[in-house]
Every structure is written in structure tokens, then in C-alpha cells.
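The domain 'Reticulon' annotation in TrEMBL covers 13-198. For 21-39, 45-63, 125-149, the entry in TrEMBL reads transmembrane segment.
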Amino acid sequence: MSEYDAQLPTTVVADILLWKRWQLSVGVIVVATIAWFLVDWTSLPFLTICSDVLLILIVLLFLRANYAALRNKQPPTLPELVVSEEMVNNVAASFRVKINNLLLIAHDITIGKDFRIFFKVVGSLWLLSVIGSIFSFFTLAYVGTLLMFTVPVLYSKYGNYVDKCCGMINHQFSKHYRIVDESVFNRLPHNIPKDKES
């Protein structure tokens, strides 16, 4: 068993994000850039690109296996992909709990139990709508990928300075939020009164 096989997947991902395995980091950024260019700049449909990439991969694997058979070599082994029933049940149970929590939060927001959460959700959705009208989904995914590979490295180098600046910004934001909270949000009703039974 090699050194890479013994490591946890989270360790490998952390190493890639922190550029400790810079070849893989560069590879991910190059692949993301090519994918973004193909999807956003060539105006090809996403389904067409996915189908073409899978077609090329399948043809290459087929040719590789048949070439090995012609040379009387052992064909390359592919890992067997088996999804166990236990794994499916665990994933389903986890999704069920998360979806029920989201539905409970959505119920509380829509019936107006807490105006603060309502205004936060409305503001967040409006902001997402504005961002979505400016950028395409794939551009946002590409920018998110680039940020994933730059922010952790920059934070590991300049973490103390960033923490100091964020602390000052948080202090100012908290001060302004307290003013708005006292003058606006505290005057809003928190609960809708229930109808009295006759």
C-alpha cells in the first residue's frame, strides 16, 4: 500500500486545496478553466459537452483494453463500483432529516413567525437573483472553484491579519445591526396571534 493510498480522502483534498500537491492543484484549475471555456464561451449545450467527454473516455478505454488483448497483456483493471444497501439507506436517512429541517424552516418563514428571518431570506434571495442575472451558473461555479484554490492558501499565510480585519468589520457591523434592530426590527410583531376559540 502506497503513501497516498493510506491517507484519508479529506487529507488529500486539503493537500490539493493548500497547494501541497501543486501538480494536482494546477491540474484541477486547468480542467476547470477548460470546462468553463467550453461551456460559457463556445455556447455548446452542457449535455452535449458531457456526452462528448463520456464518449471519448469510453472509446479510449475500449481501445486500450483491446490493444492490451492484442499484445497478450493483462487488460487494465477497472474498480468495481458497487453501491451497498446500507450506504443508500444512510444517505436517504440523512437527506430525509435535512429536507424535513428545511421544510420546517420554510414553514416558519412563510407563515411569518419571525420577521427577522423572513427579511434575511428575502434579502438573500434578492441578492442571489441579482447575481444570477449578471453571471451564468457556470461562471459562478468557475469563480467558486478559483476561490476554493486561492482563499485557503492566502488565509494560511495571512490568517492573523485577516482575523484582525474581520474582527473590526464584525464589530462595526454588529454596532450598525444593533441600531437597526432597536429602531426597526424590535417594533415589528414577532408572533402572529392565534385566533381565539369561541
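Cβ from N, Cα, C; glycine included.
It should be emphasised that the depicted structure is a prediction, and the values quoted were computed from it without experimental measurement.
Below 8 angstroms of C-beta separation, residues 17, 19, 25, 28-29, 32-33, 35-36, 39-40, 46 of the same chain, each at least six residues beyond the ends of the transmembrane segment (125-149), sit close to that stretch. For the domain 'Reticulon' (13-198), the predicted model reports an average pLDDT of 80.
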